[in-house]
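**Q** OK, TrEMBL features for this one:
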- B:12-79: domain 'RNA polymerase sigma-70 region 2' (DOMAIN)
- B:108-155: domain 'RNA polymerase sigma factor 70 region 4 type 2' (DOMAIN)
Amino acid sequence: MTDPLDALRAEVEPVRPDAAFAERLRERLRRAVLSGAPSTMDSTGTERTMAETVTQQTVEEPEDLAWGPTLQPHIHVADARRALDWYVDVLGAKRRGEAYVMPDGSIGHAELRFGDAVLMLAEGTYPGIPVAPPTGELHSTSLNLQVSDVDATIERAESAGATIERRPDDQPYGRVATIVDPFGHRWMFNQPRGAAPRARHGEVAFTTIFVPDDEAAKAFYGAVLGWDFASGSAERGWVLTGKEDSFGMSGGAERPEVQLCYRVNDMAAAVERVRANGGQVGEIESKPYGQLVECSDDQGTRFQLYQPPAS
Amino acid sequence: MRPDPAFGLLELYDDALPHVYGYLLARVRDVPLAEDLTAETFLAAVSALRKQPAPELSVGWLIGVARHKLADHWRRAEREQRGLRLVDSDQQDTVDPWDEEVDVMVAHEVLCQLGPHHQAALTLRYLDGLGVPQVAEHLGRTVHATEALLVRARNAFRRTYRGEEGAP
């Protein structure tokens with residue numbers, strides 16, 4: 001007799017899950033792979049052990065472990081612990097997650113955060129992976145790092161054992177210097193000149209929260225998101241600490257709203273296009289950091305346009 | 001130094017994810033639960049890959065890990081629900097001949113209405129096509145107990161499928 005329930009047989013049909021879920025899980029998985037040391041010999045690996053391991057690995061996520069930028073250099077050094085300390089002390093890097101320690105005690109993988117960039121680092125060499133710490137005089141890469149004070153960085157680097165290849169000097173694009181660090185890696189430091197917005201034409205250069213009561217808003221976002229504001233250039237204007245060049249708050253507004261400020265390449269032409277398409281344009285203001293104008297679109301949404309000074 | 005075998009899992013992730021998720025979603029029919037079990041599966045795979053001897057990493061192997069997670073889930077659910085009702089103690093363990101054609105769509109819905117241990121037994125036995133000894137292994141029961149469970153599960157399924165009284 002055939003079993004009617006045999007009709008239930010279901011082959012595995014792939015289903016693409018929610019993209020946000022897929023990314024979150026990728027990040028959890030990545031951290032589990034990078035942070036957990038391999039377990040010791042245990043051939044009796046049963047469900048119980050697996051379930052326990054899962055519990056241990058799903059503990060609270062460190063806040064600085066957002067998915068990294070698109071390109072992340074990965075370097076090899078002979079002494080990873082010393083190198084990590086050096087990059088933190090001298091270059092102001094922040095440790096990103098736990099270092100992954102190999103069974104022999106060496107560091108198989110560690111990550112550092114420099115601003116919005118991530119540097120990956122491994123110690124020594126691995127069989128079958130043709131990468132090694134630098135040895136010779138010729139380099140194939142230079143790590144180009146933006147710093148806020150290139151002279152101070154060079155001073156710290158020199159006293160911490162770096163070889164100074166080129167002392168700070170002014171170039172059209174900023175004040176630059178070059179070193180080889182004690183681990184053989186070459187760095188170029190660049191202190192950008194004046195206002196150097198990251199946003200390109202059409203991208204959001206600055207976000208401003210407009211509120212009637214700025215003190216209340218500082219307290220609210222401080223409590224909710226841990227934000228800390230420093231006073232900005234305008235009266236009752238504030239900038240978010242750590243995002244001074246891109247995020248601010250303004251008090252005394254008639255109605256609460258969030259306004260986006262878009263970078264444009266040609267202010268006169270952009271303003272013309274706003275008008276031609278039914279938008280409203282205010283007065284173009286000249287600021288130390290460039291030209292700014294308040295606009296609204298043809299439905300009344302308010303926004304700003306910004307053009308940095310010509311360099 | 002040897003490379004961590006779990007690194008391979010990151011490389012396989014994009015290809016394997018829809019298979020693991022698809023397998024689980026088709027069996028639990030609940031998106032948040034399928035997501036939870038998918039996450040459990042991949043994280044459990046990391047530690048399993050580091051054991052000696054290391055299993056061979058493949059989509060098929062990951063489906064096997066997912067199947068264990070699914071069985072675990074039903075076991076947890078069964079423990080939670082046990083206090084709420086008498087476990088089919090009044091039901092007979094006899095095999096009742098049944099020879100009709102089952103509407104698969106309806107059957108999947110019926111399956112979701114059954115108690116966790118019945119769902120577990122029928123899913124592993126029929127949707128996954130496992131033999132009774134493998135079902136027993138996944139459920140942590142003896143083969144004999146599993147056979148009895150399958151009989152009760154089939155009876156419960158049939159009562160619900162036919163809309164008979166006493167159905168959950």
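Cβ coordinates come from backbone N, Cα and C, glycine included.
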**Q** Do you know the mean pLDDT across the domain 'RNA polymerase sigma-70 region 2' (B:12-79)?
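**A** On average, pLDDT over the domain 'RNA polymerase sigma-70 region 2' (B:12-79) sits at 90.
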**Q** Just give the helix, strand and coil counts over the domain 'RNA polymerase sigma-70 region 2' (B:12-79), going by DSSP.
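**A** Helix, strand and coil residues of the domain 'RNA polymerase sigma-70 region 2' (B:12-79) number 57 helix, 0 strand, 11 coil.
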**Q** Per DSSP, what is the helix/strand/coil residue tally across the domain 'RNA polymerase sigma factor 70 region 4 type 2' (B:108-155)?
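**A** The domain 'RNA polymerase sigma factor 70 region 4 type 2' (B:108-155) comes out at 39 helix, 0 strand, 9 coil.
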